[in-house]
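Visitor: Dumping the structure here so I can ask a few things about it.
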Amino acid sequence: MAKALALLLSFLLVGSSALANPSNLKVGFYQKTCPSAETIVRDAVKNALAADPGIPAALIRLHFHDCFVRGCDGSVLLDSTPRNVAEKDSSANLGIGGFDVVDAAKSKIEAQCPGVVSCADIVAFAARDGVRSAGGVYYPVPAGRRDGRVSLAADAAKNLPGSFFNVEQLKQNFARKGLSLEEVVTLSGAHSIGDSHCSAFKKRLYSFSSAYPQDPSLNIVTLPAGSLLTRDSYNRCPVSKLDKLHFLWSLPSREEMCAFHEPNQS
């Protein structure tokens, strides 16, 4: 799954860039103009990871939320103004993070290569390094994007998939970006790491329907004791504190992922 996710992120890096002709993007774009750019970004991710294990998930989400709105143009980084609410302050981007990593990398890059490396490319590099630091594969990132100057909260709300979308809504949402159902599933694999508000899935735990208090699909598979995909979720999200707690996920083992996705295979 990690390899498939990396490949699909690579697709987004190239195919969703609204402000850069995909044919003009290339691996090693800054080799002559700022050869240390990718190393600086990688070090920024490494330093952030030492302080916050949730950084890989934040960076992957930041990149996805950037690309899915106006293309991979860095517009998610722009701040709101008195006359405009920017993407980052949209309700669709609630809890989005990773900005400090981008800022740290950008500051050091500007000190060495002022006005050369776009913020959009830094976000793309950081997402790749987040995937790698979480145990995924390394993949080359074509660069050469240009930063956007327009950032509208309404665009984020209109384009980003809702947290409570059903399968059909997700299919339609991703299809508008030229992505297949298989690619929907692959990108959803990014949720194997990071955290979630308990309130986001409390209905599945305690009030799924009149017939089933708990979503029956949660009991489809039996995973190893102590797994973060077991009924341990009840202990982590007690009914009395559902609106206050986060549920922290880590990257499952290969055995867990196979059990979760292939319950009918021996």
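For all residues, glycine too, the Cβ spot is worked out from N, Cα and C.
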Visitor: What residue among CYS34, CYS67, CYS72, CYS198 is stated in TrEMBL to be the disulfide partner of CYS113?
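Guide: Recorded partner, per TrEMBL: CYS34.
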Visitor: Taking Cα atoms as reference points, which of the recorded positions CYS34, CYS113, PRO161 is nearest to ASP66 (Ca(2+) binding site)?
Guide: PRO161
Visitor: Fill in the CA-CA distance, CYS113 (disulfide bond) to ASP73 (Ca(2+) binding site), as an integer in Å.
Guide: 20
Visitor: Between ASP73 (Ca(2+) binding site) and CYS67 (disulfide bond), how far is it from one CA atom to the other, in Å?
Guide: 7
Visitor: Sort out the sequence-distant neighbours of PRO161 (substrate binding site) for me: same chain, 6+ apart, CB within less than 8 Å of its CB, listed by position.
Guide: PHE68, GLN169, LEU170, ASN173, PHE174
Visitor: What subset of the recorded positions CYS34, SER75, GLU87 lies within 10 angstroms of CYS67 (disulfide bond) at the C-alpha level?
Guide: SER75
Visitor: Could you tell me which of these disulfide-bonded residues, CYS67, CYS72, has the greatest number of Cβ atoms within 10 Å of its own Cβ?
Guide: CYS72
